[in-house]
Structure formats: structure tokens, C-alpha cells
Amino acid sequence: MEHGEISSKAPLVAPVAAGVNRAVAVVDTFLRFIAIIGTIGSAIAMGTTNETLPFFTQFIQFEAKYSDLPSFTFFVAANAVVCTYLVLSIPLSIVHILRPRARYSRLFLVFFDTAMLALLTAGASAAAAIVYLAHKGNVRANWFSICQQFDSFCERISGSLIGSFAAMVLLVVLITLSAFALARRH
């Protein structure tokens, strides 16, 4: 090749990069739908959790419900906020399929995905601490395990953590994918 000649391979770089970014955008959109399912499932499972136990007579009853514990209320709110954000971010993710070179919208998603990851981590961690106390108690603090009496309640609150922690992993993957797509531009 002579000085000043244009290589025939040069134009192929842009379509390949756009194709990779388009594939990343498709995966991004799919993972957002899965994360929506995880967060809404966790919020619904925790938000509808309650159990009532009769004690000696029908007039005295013990009740366990998620709203009795602020950590569980925060967990439901955090999952609802993250789920709403994920639903609202779907159109932007679809834009990335149509326009794989979009840069500022990817930066927007990286920023807000990171903020939502922090919120979801805080909510899930707070709830996980209370779930642990419900199962194990704390002898030193005189907090007894309630799961022998409220087994259905404990199963539901434990199960609700699964979707939330799965959504946390998916958000980490989404942030990584967006960073990868941004890095491919340079």
C-alpha cells in the first residue's frame, strides 16, 4: 500500500463496532426486563406478607406483617423505585438498539443504574439483617427467633430477598455492559 492510499478494510471497523454495540443494547434491554421481574416480585412478595397466630383464645392473637418493621417497608419502597426506574429506562435502552453510537444516553444509564444499585443494595441489606434476626434471633440482646411460630411469614420474607439480590447482580452486569459500550467508542 502506497502513502496516501486508503485501505479497503478501514470502513469495516465502524459497522462491526456498531454491530457489537447493538448486540450489547439488545442484551441490556433483555436484562432490564429480567431485573423488572425480580424487583416487582420482591416488592409484591414482601408487601403482601403477614401471618396471624391465635394465642390461647380467639380474642388474643399475634400478628406479623411486613409493615411492622421499617427495614421491610424500606425494602418494598426501594424495590418499587428501582422497578419504576427500570421500566422508564426501557425506551432509552431501545434507543440504543436503534442508535448504537448514542453516548450521552449511555452515560445517563450508567449514572442512574449505579444510583439504583446503591438504593437496591441498601434496601436488600437492611431487609436481610432483619430476616437473619427473624431466623436466628440474638441471645445477647434478648431477641428471640420468631420463625418457629411464624413459619409462613419467614418463608415469604426470605424468598422475597432472592429477586432483589438477583436484580442487584443484573444491575452490576448492566453497568458493566454500558461501560463496555462506551469504551468501544474510543
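Quick reminder: no glycine exception, Cβ is built from N, Cα and C everywhere.
Fair warning: this is a prediction, and the values are worked out from it, not measured in the lab.
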Under Swiss-Prot's topological domain names, is F72 on the same membrane side as L182?
no
When you scan the chain for residues with a C-beta under 8 Å from the transmembrane segment (24-44), skipping those not six or more beyond its ends, what do you find?
75-76, 79-80, 82-83, 86-87, 89-90, 93-94, 96-97, 100, 120, 160-164, 166-167, 170-171, 173-174, 177-178, 180-181
Across all chains shown, how many C-beta atoms besides its own are within 10 angstroms of the C-beta of N50 (N-linked glycosylation site)?
15
Which bits of the chain, at least 6 residues beyond where the topological domain 'Extracellular' (128-160) starts or stops, bring a Cβ under 8 A of a Cβ in it?
41-43, 45-46, 48-51, 53, 62, 64-66, 69, 71-72, 75
Sequence-distant residues near the topological domain 'Cytoplasmic' (95-106) by C-beta distance (under 8 Å, 6 or more away from its ends) are 18-19, 21-22, 24-26, 28-29, 178, 181-182, 185
